[in-house]
Structures are given as structure tokens and as C-alpha cells.
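Engineer: Annotation source TrEMBL lists active site, 4-aspartylphosphate intermediate at Asp404. Per TrEMBL, the feature Mg(2+) binding site maps to Asp404, Thr406, Asp842, Asp846. Residues or ranges marked as compositional bias 'Acidic residues' by TrEMBL: 16-42. Look at TrEMBL and you will find 43-52 tagged as compositional bias 'Pro residues'. If you look up TrEMBL, you'll see 1174-1186 marked as compositional bias 'Basic and acidic residues'. Here TrEMBL flags 62-140 as domain 'P-type ATPase N-terminal'. TrEMBL lists 111-128, 134-156, 339-358, 899-919, 965-988, 1000-1020, 1026-1045, 1052-1070, 1076-1098 with the feature transmembrane segment.
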Amino acid sequence: MNMSRRRTDSQGSLGPDDEAMPYSDDETDDELAVSSEGEPDEPPGAPHPPVETRPKMGWKVKANDRAYHQLPEFQKKVFLCVKKSRYSGNAIKTYKYNVFTFLPLNLYEQFKRAANLYFLALLILQIIPDISTLPWYTTLVPLVVVLGVTAIKDLVDDLARHRMDKEINNRKSEVLLDGRLDQKAKWRDIQVGDVVRLKKNDFIPADILLLSSSNPNSLCYVETAELDGETNLKFKMGLRVTDERLQEERQLAEFNALIECEEPNNRLDKFLGMMRWNQETYPLELDNMLLRGCKVRNTEECRGLVIFAGLCHERKYHPSWYLYDGKDQDASYRGFLSFWGYIIVLNTMVPISLYVSVEVIRLGQSKFINWDLQMYFAEKDTPAKARTTTLNEQLGQIEYIFSDKTGTLTQNIMQFKKCTIAGRSYGDPTTAEGVSLDRGRPVDWSWNRHADKKFQFMDNYLVAHVRSKKDRDATEFFKLLSLCHTVMVEHKDGDLVYQAASPDEGALVTAARNFGYVFLSRTQDTITIREMEQENTYEMLALLDFNSDRKRMSIILKFPDGRIRLYCKGADTVIYERLAPNTRHKESTQTALDIFANETLRTLCLCYKDISAEEYAAWSRKHKDAQVTMVDRDAALDRVYEQIENNLMLIGATAIEDKLQDGVPETIAKLAKADIKIWVLTGDKKETAENIGYSCSLLTDDMQIHYGEDVNEKLSIRQANRRNEPQTVRRGKKKPAEPFFTEPGKNALIITGGWLNEILYEKKKKRRRLRLRRLGKRPPPSSPQNGQPMNDLEKEMRQIDFVDMACECEAVICCRVTPKQKANVVSLVKKYKKAVTLSIGDGANDVNMIKTADIGVGISGQEGMQAVMSSDYAFAQFRYLQRLLLVHGRWSYIRMCKFLRFFFFKNFAFTLVHFWYSFFSGYSSQNSDFCLLISLQDVNDRLSLKFPKLYQPGQQGSLFNYRNFFISLFHGIFVSLIIFFIPYGAFLQTMGQDGEAPSDYQSFAVVTASSLIFTVNLQISLDTSYWTFVNCFAVLGSIAIYFGIMFDIHSAGIHVIFPSIFTFTGAASNALRQPYLWLTIILTVGISLLPVICIQFLHKTIWPSVGDKVQRNRKKYEMELEEEEKKKPSAFQRGRRSRRSAYAFSHSRGYADLISSGRSIRRRPAARGGPQDSIREVPHREAENI
């Protein structure tokens, strides 16, 4: 299989750009206008109304002028004639209640639940004296407890929101008021148009236009972890005009510009606007904006203008069995009252105790998750947290997991692991003499005072080789790494701090530093490095920056001796196309790249080219012309770059490891064995996502990979076949869909966001709506030839086909997708597969996905807390997911299913005893009691993890469904018949040993109730497979409590206190003194349990489930686990697979524009203060670049 397939050029309209961030439905129609105009969907010659190509700016902000934003033109109607300014305040409000609305609103929300309404209706019936067969307080007290506990919980949660809102709204920032910038104002008082000053480590209080900063050229670094989960610093930059004119407080006070921009929206990746100031107009973009929630880093002070503010974001026995009660009521009226009386008696089918018990069980299960020390991450002191109590049993039914990649599967730590130089590979453990070792020692960097001591490398031979300076290729290799990059450097307290556009670049520059080639400083046109102990400065003639189409970057340098050389690094797929015919080591380097790819390392090829002065001079003129062109400048520059980046000489290649979190491959493997399918939804590039898929074992060598064009082709064929079917066939009986992949073997799908929109018609839907608005009429109906869906049904069928195809695959990776697309993919699977889904992520860009899934999991302790705040469960490492699902989820599902089955069985048996009794009591609606507790688990946690297939009954819903419900129903009917009619037969014409007949109703009730208590508790014991002290206490304790209460309510003491209520003094003790009645109880219980024992024996012997087999051999498996823990894990062996590009395609566009403009370089003293004593690099993590 060719893994390095060439992508179809998007300009040829054959498919979308795999590397561009996809179209999003969040884009406005105006933004799509330009891109839509060229689409010929109207008849030729049709008149077109004039179209505004510039996006409409509907938001106006006047600097330092609060009164301007209160003008009538900015007022909006909120209620009748009441108006207020459309510019909201900066206060946020996330709470739901206040002092006046809490009680009514909370009660309204609770009574929207059907269960609460049901019990309220029962309470109303019980208040009516002629109907009531039970005291009204038997329903009122439990209902009040349920409502009260829920209200208290809601109140506590809302008070926490109040506290958080108050804390945020009362934060203070310096605002320019009355001409002074040192005025402290609370965040809630900040308004649109205010000028604010922020200092290092301050949170940004609103969406602010950066005006100036203490850094040169108003450069400002921000951390966006709270927004997008990324911790590598982003740079923002003020306009040149504001940087030059707005440094002093007086200048800021006189600033009176008018900002026109797009209205507030939820996009984090785009901003369009313009600033009008002093009769000049200046364009504004996202790089000029500081977004609320970010934190100012590495910048002592900055000033900005507020553009958007706020969030634009025991019962008594009734002696009423007598046929005449002294009331003069006719038969029909009595029948009416008896009907409602039996509604009350038979409410024990679904009593309020079911509601309470379910909530208590769920609460207990949540506490088990919170208390699980095996899900506690000690390194960051982060325990697992169940943030909800209502979804625990669904954790045992998950079929699809949707995972983010960056920060969820990976640690975002890049490390230089291996390399190949002049055809020889390095990186495996060796001695300084080149002798290979099975287990070596890390290199000792004490010889290099500039080295990063955290950097580990196992090949001592390469270090010795580089230090000897005998190998010209090795020297050029590390010199290239120290020179060809866009890393920014800052002098700070005697240290050097690196700021890299991507973590890959940071890792490569750090590697060069440790090998003796230290990047020290740069200016607009020079780069200074230390080569071993010699410091050299190179003149930078041109910097050809990286972008997603070029997949490479180059730098043209003039050496101190006058030579001109181009250094280039990039993806092997593009570098090999540009190598000179006489370059050496192509085959050996290609072999090394294959090996690196097999080890899921991310690679870059390094090469160079010597350029003559004449050749450079001619090229430079073309380069300058392309830099100033006003038409398609990027394309013009790319064409010029192509002219110089050819005939390159290959030096070697680097291999970087994007470290996975601990236990990720093992977790994915176990979840796959549990028949849980994992989809990775990421904003990263395709190559990066694919490499991580292999490294975490989501993709394997025996899988056939299908890409967007393959998927689109298969879906189009299926759609065309459906269109060609006769109408009679189409409307007839629905036949089962044929599989998309008919060949044997495993399949995987890798699809980009652009292809996803193309396949699901999302892009065309938006553009058709735009054209409809522009034309002012309905467009002609779609035809099969124009690629449009014929109707909504066809679009829905297309979505169903895509979901069916994806679900046939063992793994699915969606890359370059927006947050909204992530949520759309989850909703498609939920809608068409009716499956329980789980989403897991760590950043704000995962919030939509987390909220859309049935269960959301947030990774905490790593980056921003947005994902955690939106999640149902939170923990610190992806590997804890297997324990959450395979242990806690499975146990929770089993507990709830067993509880419900027993509860309905018990209630049917208990209630139907009254039903049979009514035939003999004139339907007088009487009652009796008992209690129930359930077992905890079937097998322990270690066996649950060892045998993931134990999880499958939850996915199939086989432990509680309609079949189980009716089995419980018939089981209850059978037991109720036995419990009533055996004692009934025994009581007929019976004489006790004292010569008295024990055939009174109360003795009969004692016998039936006692038989029921013994039956249900022994039934629990039969189904309990894992005995603990709690189980024993629950079973024996419930029996003891029953007899204690029964003797108490039949005692003389309680009769003296409540003579009118407890009238049957001594009935229980008198009945249970009769051996005959004890024999009746034993006979009743035995006959009730005998069929269950026989059925369970046959079932576990003839048709045992996976759980039955595990339980039968539990001790054997536990011993095997202990032996496995004593053994050391075997090394993970990677297999060979066909060639694919392992290019480390995580780079975003670098800082080339800043560097070449000279704006970002602080002017330093003429003489640097000698060599730096220590150099360190700020660690960066990979960005998804959404």
C-alpha cells in the first residue's frame, strides 16, 4: 500500500486541501461571498445583483469615549419599549438562581421529571380520605426528602458558581480614566472602548486590541491554555502606528480611533476589522487581538483597547377487611373508590423508594470513582473526579470513544531521538568507540557548559564523532540545525530563552545546542551561533518560511568567508523531488527513513546548496518583486522559492519522538478487545495524526488505510447506484446495506476536515443558502451532475452511508477538523447508530465534542480547565480511561441492572400477594413491608481488566432489557402465587398446638411477609458471586431488622402509646410460636427457590457466559496475574510495513515575517556581555493550530 500518496490538487476542484483548516459553518455568509462567486450554479447569462465582497463590519468601538456607545443607534429593544445598549457590560453570569428565583425555579425544574410528578399525583390521591389506604405522610416524607436533597445539591453547585463569578468579576485591572492609567477598576466595570494596561502574568479581562507593549515593536506573548488547551506561547503584535505613537500615558489619553469590525462570535481562529485614525485606515487581524481568558507571558507590560466585553458567553395495618363499614355508599361509588385505593396500594410496583435507591446507588458509585487510588495521578496531585452521579451505569455501555490527540494521547513533549548522517544512522545505545550496547548510559554533557542537562541521548559515538570535527557532514548537519529555523531568542537574567513556532523546531535547536552548536542571537539580517568554542556570525540573505503547501523551510546565508549557501529542511516527499542527480546517500537515507517511520518517529530531511553570487543576485531581484506584488503574493513567492530550492545536496535526516502518555497503547488495545471503537478527532495535520495512530497502536501494519478521496469515491458510487434504482424498488422493503469493504482484513479511515465537509455536503449547503439570498429567488433544483444532494433525504442517506462505512473500520482518524466538526461527527454516530458515546479531551477546542457525546471526560492537571469544567468525569491521564470503563463502568452497570431486576421482582411478588389477597378480603386494599439490599460486584478489578470481553454485555444491553423485565415479572408472579397460596392452604381448617386456630388475617400476613423476606434475601445470596462483609451484613441485617420491627409493632408497649393504630398486640409472637407455621415458611421458601436454583445450574453448566467462566476459574486467573506482575514486561517489537512519510508535520507558520521585517528584534548593545553562563529553553507543547 502506498502510504505517501500524492494529494489531488485542490485548485483542480477534484478535492479539498488536506492541509488547510476546513470550512466551518461558523463562517458568515459574507465571508463565503468571495469564494462562492466563482461557482457556476446559475444558468449562463443570468443577471447577478452587485455583491459586496468586503465583509460587513457591524461593530463600532470608539476609543476613550463611553458616551459614544450609549447613542440611540446602538440601543436594542429588550422588552416592549425598554431598550438598552447592545454593548454589554464586562460582568459574567454563569449561575442559575438568585434569592427570589431559587425556590420556584428549582421546584419547576424538579417537577419536569416524570418520576416527581408521578409521586406528587400519588400524594394527592392519598390526601383524599375516601380513597386513601395508606397514610399520606408515607409518600410526602420521601418525596420531600428527595426534593430537598436535590435542591440542596443544586444550591451548593450554584453557590459555587456565584463565588466563581464574583471572584472573576471583582478582579482588578488598570483602566485609563480621567487621563490617568493607574486607576484600578473591577472587571465588571470595564466597558467597550476603555484603554487598559496589563502586566506580566495578568489574565486578559476582555477581548482587547493590542496597542503597544514594553517589548520591541509591541510584541506580546500570551498563553492560551484556557481557550484551546495549548501551552506553547503565542505571539501577538500591535500595529506599527500604535506602537510608535501610543507609548506614553498622555498619548493613550488622546487616542480617539474608531474601530469597525465583525460582531462578537465564537470563532477563535479569525478576526477581521479596521481602525480609522487621523484620516487613515489600518487593517486589523487576529494577530492584533488579545482574547479574554488568555494570560500575558514574557511581557512586562502591554496596553490595549477593549473591543468585546462580557460573554457576547413501616406502614400500619388497616383493620378494614369487614364487608360492612357503616357507610351508606352504592356499589358503583364503592368501586370507583376501590379503584383509586388500589392505585395507591399497587404503587409499590414503582414506589418512591426506587427513585431514592437509584440515586443512593449512583452516589455510592461516584464515590468509588473519586476514592480510587489507582486513578490518582500523584505527580500533579490530581485524583479522578466524578462530576455527575447520573451517568455511571452508561459507563458500562460505551461503544464509541471520540478522543482528541494533543494533550490527550500525547504529552506534547518532543525529543530528538535518532538521526542519519551521510548514510549512517545514529541514536541506538553505543560506546564512544562505536560498540553497540543492549542497554547503554545517557551521554554525559559536562563537557558542554551550554547543554540542556534534561536532554538525553544514548549514542556516545555520535557525540565523540562530532567533537572530533573530523566529519564534515556531521558538522554541516548540526550547523544546519542551529541556523535553519525561525526560533526567537530573548536575553533574560543572563539566560537565553527560546520561543519556537513549533515544538519540533525547539527540539532540533536544543539538540544542536547539546552537540556544541549553540544558537545565541539573531538580528534582522544576521544569526550568531557558537560552533564548539568558536563564535561565528552569518549574514542572513533570505528566509524562505514554512507553510503547509511547501512542507519545508530554507535559509540563504553568507558565510564569514564570503560563500553563499542555502540550507533547507523539510518532508522527505518534497526534499527528494528537489535533490541534485549527483547527491549521495539517497538510498541509505531512504532506508533509515523507513526504519524511523516504522518506529513512529517524526522525520525531517536536511540538505544544502552552494549558490554563486551571480545566481543569488538574479534570484534576489525576482524575490523582491514577488514581495511587493499586490496580486496573490503567496503564490508569487512560492514560485520564486521553487527556482532556488533545487539541485539540493542531501546531508541526512532527523527523527523526533512525540512522546505518548504512559499506557496509551495498552489502554487502546484493551478497549479494542472490549469491542469499543476509538475515533481520533484532531486539528493536527494528516501526517502527524497518522504517525500518532501507529505509535499508540490504533493503526497497525495489517490495516488497509483509506483516505478522503477513497471514501468520497465509494460513497459517490453508492449514491449513484441508489439514484439509478427504480422508484418501486426504492419505496419497497428496505434491504440490508451491502458492506463497503468486501475484501478480507482490517480497515482504517483517515479523513481530513475538508473532505469531511465535501462528503457530507456541509460546504455546499452553506454556499447554496448564500446564493439563494443573493439571487432573491429559489435556485433551480439540483441534478445528479452538479454534485449536489437532490433533497434532504439524499443528504441524510449520504450521512448514513458515511457512518456505516466508518463503523466498518477498526480505527477512524479525522484530522484538520474544527471544534464544530468534532461535535458533528459525534452527533452523526449518536443519531444513526443509537450507540452510547464518550468523548475525551483536554482543551477548550474539545468542549463541543465533550458536550455532544453521551458522556464527556476531561483530562485535568495538564492544560486549561475548560474541558474539565464541561465534562462529566475528569482525571489526569488517558490510561485511567480503561479503569473508568472496564472496572467502574462495568460494575456500575451490573449493580444497577441487578438492583432493578431484584427491585421489580420483589415488588411484583410483594404487590401481587395483595392482589391475590383481594379476592378473599373484598378488595379492601391492605398492605405489608420488607427491605432489600443488593450485591456489589461479580469479579474483582484485576480480572475485569484482564478480560475486557466481560464488558460486552453492557454494550449489548443484555443484563436489563424487555426480556429481563418480563422474566422478573413472571418470576414475581410465580413467587407471589407460591407465597400466598401455600400459606393459604396451610391455614385452611388448621388448629394450633395450643388448641386455637391461627387462621386470623394478621397471622397469615406474618407468615406471608416472613416467607417473602427469606425468599428475596436467599435469592440475592444465590446471585452474589463476590462476598464481602457488606454483603453478609446487608442480607442478615435486613432479616434481623424485619423481625425486630415486626415484634415491636405487635408489642404491648407500642399499643399503649398508639392504641388506635397498633391494635394487634402479640399477633407476631403467637404466630411464630407455632412449629406448623415455621414448616409452612420453609416449604414456601423452598418451592419458591427450587426452580431458580435448577435454572441457574443448567445455565452455568450448559450455556456459561464469559463472566461465568471467569468466576469458575477465578483463583487460577488471580494466581496468573500475580506471576505476570513478577515477570518483567517484554520489549515491544515493531513490525515492518510499507513506506510512508513520517514527516513531523506539526509545524505552523514560523516567525519569518517578524524576523525579516526586523520588528521583533530588540536592539542590543554593540558589545554583548561575553558568553552566557547558562542557556535554557522554555518547554513548549504541540499545538493543534485550530
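Note: Cβ is positioned from N, Cα and C throughout, glycine not excepted.
Since the structure is predicted, the reported quantities are computational estimates derived from the model, not experimental observations.
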Engineer: Here the recorded positions are Asp404, Asp842; which one has the lowest number of other Cβ atoms no more than 10 Å from its Cβ?
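Structural biologist: Among the recorded positions Asp404, Asp842, the lowest count of other Cβ atoms within 10 Å belongs to Asp404.
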Engineer: Could you state the CA-to-CA distance between the residue listed as 'active site, 4-aspartylphosphate intermediate' and Asp846 (Mg(2+) binding site) to the nearest Å?
Structural biologist: 7
Engineer: Kindly state the mean pLDDT of the domain 'P-type ATPase N-terminal' (62-140) in the predicted structure.
Structural biologist: 77
Engineer: By a simple count, how many Cβ atoms lie within 10 Å of the Cβ of Thr406 (Mg(2+) binding site), its own Cβ left out?
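Structural biologist: I get 31 for this one.
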Engineer: Just to be sure I understand the packing, how many Cβ atoms besides its own are within 10 Å of the Cβ of Asp846 (Mg(2+) binding site)?
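Structural biologist: So the number of other Cβ atoms within 10 Å of Asp846 (Mg(2+) binding site) is 35.
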